Amino acid sequence: MIGVIDYGMGNLYSVSKALERIDAPYFVSEHPDELKRADSYILPGVGAFRDAMEILTENGLKTFIQAAANEGKPLLGICLGMQLLFEESEEHGASEGLGLLKGKVVKLKDCDQAGNRLKVPHMGWNLLKVHRDSPLLPKAKEGFAYFVHSYYVSGIEEEALLASAEYGVCVPAVVGLGNVYGAQFHPEKSSTVGMLILERFKQFTQEQKVKK
């Protein structure tokens, strides 16, 4: 059973519909006591990093997510939810993240190294380069994913970078170590590759449950 974490800043409808399409058992909740019964978690997110962390802290979800991840339960952050997995962000001033992965969230540059102008936010389809096999994505599976973001993760550990996209810089697109994973793009809006990630997260959840 996948617990979709509701803290008022996630696109819950599209995530829920995507999970229904792959017949993944799930429920949506904002309460840590209810979320405890889940075998894994999806942390969606749209909006500002600082606002999200303030809400997660106030609702007791910050410590709950950290504890669940440390217990080994699979966790998938989507878009802002992926950024929240990291140590800190510079968006609207420095603010602390969940600290489950190493790296800092910084603003995308409005030009590439050759001086060509780039639109920020990065919005639309972009090609994924898959760097290594992972529970979420096989190395041979490359394709296009749908992005909407103005910030990206810098200083990520090499082994945590599973797939990237180019947008003036190398943008970490799929990240993960151990049981903690994230997608900067929206899997639920990203056609074949996106649905594959959700399907494999469903399988990963089942595999981890069996191990216990």
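Each residue, glycine too, has its Cβ placed from N, Cα and C.
According to Swiss-Prot, the protein has these features:
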type	residues	note
DOMAIN	1-211	domain 'Glutamine amidotransferase type-1'
ACT_SITE	C79	active site, nucleophile
ACT_SITE	H186	active site
ACT_SITE	E188	active site
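Location within the structure of each feature annotated in Swiss-Prot.
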residue	record	Cβ neighbours (10 Å)
C79	active site, nucleophile	25
H186	active site	21
E188	active site	24
Does DSSP give E188 (active site) helix, strand or coil? helix
For the domain 'Glutamine amidotransferase type-1' (1-211), what is the mean per-residue pLDDT, to the nearest integer? 92
Measuring Cα to Cα, how many angstrom lie between C79 (active site, nucleophile) and H186 (active site)? 6
